[in-house]
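One structure coming up, written as structure tokens, with questions to follow.
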Amino acid sequence: MAINAPEGTRDLLPDEALFWNQFKQTAAEVFGTYGYLPIDTPIMEQTELFVRGIGEATDVVSKEMFTAISGENLRRWVEEGKAPKAKSRLSLRPEGTAGVVRAVVQHDLVPQGAAPAKLMYAGPMFRAERPQKGRQRQFNQVGVECLGAEEPTIDAEAIIMLMRFYEKVGIPRESMRLLLNSMGCEQCRPAYREQVRAYMDAHAGELCETCLTRAEVNPLRAFDCKNPQCAAVMAEAPKITDHLCDDCREHYGAVKALLDGAGVVYEEDYKLVRGLDYYTRTVFEVQVDNGMGSQNAIGGGGRYDKLAEEVGGRATPGLGFALGFERCVLALEAAGVEFPRAQRCDLFVACVDDTVRARAFALVQECRDAGFVTEMDHQKRSLKSQFKLADKLGAARVAVLGPDELDAGEVTLRDMATHTEAKVRLEEVVGEMSRAIL
Ligand code: HAM
């Protein structure tokens, strides 16, 4: 029986893989203008990093991590009952923030008093979720993290940058909703959390089992519950934005004023609590409603002023976001926007018979060396089939080389759009291609 890709994973076939490359390139260009530089951290980290960074009680850490015991340690555990040390418990990264913050701490990328470090990354993330449309076990994210500044201008410029990026890749602005909230800080959130817990206790009979557990562990997560009855109860719960301390209220107000000033339209959403425990103050999410079901968040992020300390560094405020590539593709499809497909082909060199193959092969190399995407047939197809192949590849030009042409030292160069032909000397094909393309 044939073996398929693991459940919840997808192959990015060439068209989509090409778009993924373009997508990353566009991110590098847009985020680069805001001063973000690339960083590439390991795909696996010590499990402990995610437990401390993202939070033990989150779904991501408690239910969705792919964890492995490295090599020899697994054998020792199974055969000798020797439990592995923390450093040999590794997990595939479920998200990128914890690893980037770990790297910032480890390499002291934000020395005290330095300007903030602005970092961007792209790559696969892994969550053992129940697969469905828009929800995979391996998916690709592009993300940014800015560490070392707590000022609201950092929050606002990141949100503006995120919206610019979506527009640049072609997701129509009117199909997106930008949701905004503040999660408060360690000064104001604990008291607020207790108020929500007390409110939930008073309404325990109306809440689902999961929310009753949430009331114990992390009551704010109940705002996320999809059960309509829970949603109705939580709609009347105390709202964080009514319970922010003065500093958090001022910070949130400044972020909103900056977004207003930049003409960025957002909706305040008290239900937006996000699924990762590290957030403080600003949180945001971009959702699309069109045909994406419940997996409609195409990106999200927020501020995490305590995370660096959680993973053992000194106090370093931070803010970032990540967006899901596959969900952006779904959003583009739902909005009827074609994403650019298929590689271009500048020239196809066709052989009339086998006697000219060696010269054709050399011509193909010359054209490639000059930077033209050039192809030829390798399987001795008929001339007619070679033209069909050239058509399929979308070749802009076809150079036909036969024994007569070879004797005369030339090719017949056909423009596939205008169907015009001209004889071109073999040594002038590269020059002619350059002239034609210019
Ligand atoms: P997140 O909201 O968990 O945030 O994920 C960001 C985006 O990744 C989501 O909005 C979604 O587009 C995509 N995504 C998440 N899970 C899946 C999945 N199972 N299948 C397909 N796409 C998915 C974070 O990951 C934070 N690290 C963002 C951040 C950066 N916050 C601060 N800095």
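For all residues, glycine too, the Cβ spot is worked out from N, Cα and C.
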Return the residue out of ARG76, ARG89, ARG127, ARG130 that TrEMBL annotates for the same L-histidine site as GLU95, GLY96, THR97, GLN141, GLU145, ARG274, TYR278, TYR279.
ARG127
Out of the binding-site residues I have (GLU95, THR97, TYR279), which ones have their Cβ sitting under 6 Å from ligand 1?
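Only GLU95, THR97 qualify.
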Over all pairs within GLU95, GLY96, THR97, ARG127, GLN141, GLU145, ARG274, TYR278, TYR279, the annotated L-histidine binders, what is the largest Cα to Cα distance, rounded to whole Å?
20
Count, for each of the binding-site residues THR97, GLN141, the other C-beta atoms lying within 10 angstroms of its own C-beta, and report the residue with the smallest count.
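So among THR97, GLN141, the binding-site residues given, the one with the fewest Cβ atoms within 10 Å is GLN141.
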Three-state secondary structure of THR97 (L-histidine binding site) from DSSP?
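Once the DSSP labels are grouped into three classes, THR97 (L-histidine binding site) ends up as helix.
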